[in-house]
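Take a look at the structure below.
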Amino acid sequence: MDRIQKLEKEINSLRKALQEKESELFEMKSNWMPVHPNNNLNQGYTAQCEQLNMKNVTKVFYGDNLPKWAIERYSRQILLPDIGVQGQERLCAAKVLVVGAGGLGCPASVYLAGAGVGEIGIVDYDNVDLTNIHRQILHTERDQNMSKAESAAETLRSINSHIKITPYTVQLDSDNALGIASRYDVILDCSDNVPTRYLLNDVCAIAKIPLISGSALKMEGQLTVYGYRAERNHNEKDLSHQGPCYRCVFPNPPPAEAVGSCSANGVAGPVPGVIGALQALEAIKLIVGQTHEKLLVGRLLIFDGEDVSFRTVKLRPRNPQCAACSESPTITRLVDYEAFCKAQAKEKKKQEARLKTQRRREEKEKRMTGQSYYGFRTTKIPDGDKKKWIQDVPKSERKMGPRCKSEFCAKGTYRHCSSITEEGRAKLFHHFWNELDWKGKKNFVRSLVDTVPPKRRRLKHKGMVSRKGDTKLYHLKHQEERLPVCRVMFLNTLGIKEAMVRCWLIGEKPKLPKKPIKSLNVNSYIDNLPKAPARCQYCTDIQYINLDSIKNLYQLYNMYVRDMKAKGVVPASRKTFSNVATAKNIRIFKPKNDTDICDLDLDLQILSPEYRITALELEEQLKKLNLEVDSKQKQRHLLVDVRSEAEFNMCRIDGAVNYPIDQFRGEKVDEVLRMVNDKNQVTFVCRRGNDSQIAAKMVIDLIDEEHKDKVKDLVGGLHAWSDSVDGDFPIY
């Protein structure tokens, strides 16, 4: 473990050193041949270039004539009449911002870098995950947990070292979007959520920057160009032409439940590759000066991967009263787009929080068992005085220290440090760290340390509290006997610090009884709100706040505060409001649909314990069946997998049959009922153990009483199977 941590630190330091050297090299190249944003060189610079005989220039030459290396490198596209030398010069001077280093952003930025675009900015807050690599071609397996923007920048620098790559490892929001985007000429929308699309559209409308928007899901992809202005292209005949923006086509955001995602619906890797490559093509055409007739302005390209077909549809024309791009727009500043779209821009917020909690739990378990782990450090947040806790400080494992070498202990008669052998010390250390839980460790230390209060020698000081601390007498167990030892011997044998001993000797603080909730006017306020009953058939005790403008408890509390202040009433605290809402079982969000799957809990408890079976118990039963000689006996146990057909074909337990939960009705249920009558046991499985409970419950409610005990559900689903039985089973 220590060796791994050391290698990780060395690799990170080498990466930082490499980035610093690359930045230094880029600055040297820039000083040697300054970057000119326009297409014309001044005469002084031209004369200087002629005097220096620029044969070994290692930087793009921003002038009327390209250097030899640039012509050789980009010759295949310079040969095209639509690009030519002038087009290549425009490409070398262009600045393109790619928002999202995912399935669309990776292929788009690859072709932009290959084409020689002078500067590419990459915005992505996320880190590389193993599930990304099948479609996000700039990242490799060794880049896992690395910033996507940094990983993409590193790969692009290896493709073209003559261009500038600027990674932004931030989430684009209303505070930073305009400052970042205003530095670039073209923006590529390679995001995967609706709030970011509206954000980028408004940014481009305010800054008058064209937006090339792409999307991909399942086997389909779409592409178009928003916010095109002919006045910025000298090749246009009609300089007054303007294309529609995103708000012209979609004035209002779609419902959150109607928007799919790659993690929920899946995507074929080549589909975003096709759309991303076409985004780069549109950007190149736009930069070199193609007119709007040859660009996807006012047209939407639709790609269908199932039959490999392309078609274009005409979009709505530009809206003269558009809130974003009209002559008198009402949107002059950026707003909260998550609230506007009623959806999250950062899809992995909950997943990241869950992973962070899981990691903290794992590191805590390592710390409590004496293993090496990562501790916490604090760092100041740049914009403010708040501190942020970061868990990245490596802590070494607990080791037994050297024994006491004090002459006083060796010669004295009170302490018996020399009586305890090294073997005895090793047994004590092993017992302390490997056989006791955290509470047991505390009690073990308390049983071996005696606290003696200081004595008052003068009568006038009797009863007064002494400033001197209590004296501690340390002991170690040797052959079931408490032997007094010195402090060094005690701490080194158990591998702990004195501060930990002092903390444990204080004892547990008595838990005070909880104070009753002062609900004030919260009860009546919540009771008077419009409510909708639970749509899940198993969550009948839950009520939902039926207000379209409220999407979380925070917004509900703010509305409550405004209403109370309007009435001149002092509002209750947020904690009190939250406690009352929890006691009343109030929810804001709703189940997924009307009949089956519920979103309220990742671990539903629909079935009673007698109908549930753990992964280890299921493994034992399957092993026993494999030992049976009679083939008919082997078929007496049936596994019913209720995941979708695509998930079932992706990975499954050997011998399972597939009955998808969304089709589990009518004849399908009857088939399973007949199977239960013929089998000794039928076990339902799914991904996490929720859908399988729903299917098992349906069967239990319909089957005869004598067969109900045959129906079982796998606790925790296939995730539990992977954790407890088969580590090779994929968790997705």
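Glycine residues also receive a Cβ, built from the backbone N, Cα and C atoms like all the rest.
TrEMBL: automatically predicted annotations, no manual curation.
Per TrEMBL, the feature coiled coil maps to 1-31 (among others).
Around ASP192 (ATP binding site), taking its Cβ as the centre, 24 other Cβ atoms fall within 10 Å, counting all chains. TrEMBL lists GLY103, ASP124, LYS148, ASP192, ASN193 with the feature ATP binding site.
Annotation comment: TrEMBL describes CYS245, CYS248, CYS322, CYS325 as Zn(2+) binding site. Sequence-distant neighbours of CYS245 (Zn(2+) binding site) (same chain, six or more apart, CB under 8 Å from its CB) are ASN201, CYS204, ALA205, LEU211, TYR226, GLY227, ARG318, CYS322, ALA324, CYS325, listed in sequence order.
Per TrEMBL, active site, glycyl thioester intermediate is recorded for CYS262.
Feature annotation from TrEMBL assigns coiled coil to 341-368 (among others).
Summarising the annotation, TrEMBL assigns domain 'Rhodanese' to 633-730.
TrEMBL lists CYS686 with the feature active site, cysteine persulfide intermediate. Long-range Cβ proximity for CYS686 (active site, cysteine persulfide intermediate), meaning a same-chain Cβ under 8 A and a gap of 6 or more residues, is found for ASP641, VAL642, ARG643, ILE661, SER692, ALA695, LEU714, GLY717, LEU718.
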Hey, what's the Cβ neighbour count for CYS325 (Zn(2+) binding site) at 10 Å? 26
Return the residue, from the listed binding-site residues CYS248, CYS322, with the maximum count of other C-beta atoms within 10 angstroms of its C-beta. CYS248
Express the distance between the Cα positions of GLY103 (ATP binding site) and CYS248 (Zn(2+) binding site) as a whole number of Å. 26
For LYS148 (ATP binding site), list the number of other Cβ atoms lying within 10 Å of its Cβ atom. 27
Using the alpha carbons only, what distance in Å do you get between ASP124 (ATP binding site) and CYS248 (Zn(2+) binding site) once rounded? 27
Would you work out the biggest C-alpha to C-alpha distance among GLY103, ASP124, LYS148, ASP192, ASN193, the residues that bind ATP according to the record, and give it in angstrom as a whole number? 17
Show, in sequence order, which residues other than CYS245, CYS248, CYS322, CYS325 on the same chain lie with their Cβ within 8 Å of the centre of the Cβ atoms of the Zn(2+) site. ASN201, ALA205, TYR226, GLY227, PRO244, TYR246, ARG247, ARG318, ASN319, ALA323, ALA324, SER326
GLY103 (ATP binding site) has its Cβ surrounded, within 10 angstroms, by a count of other Cβ atoms equal to 29
Fewest other CB within 10 angstroms, which one of the binding-site residues ASP124, ASN193? ASN193
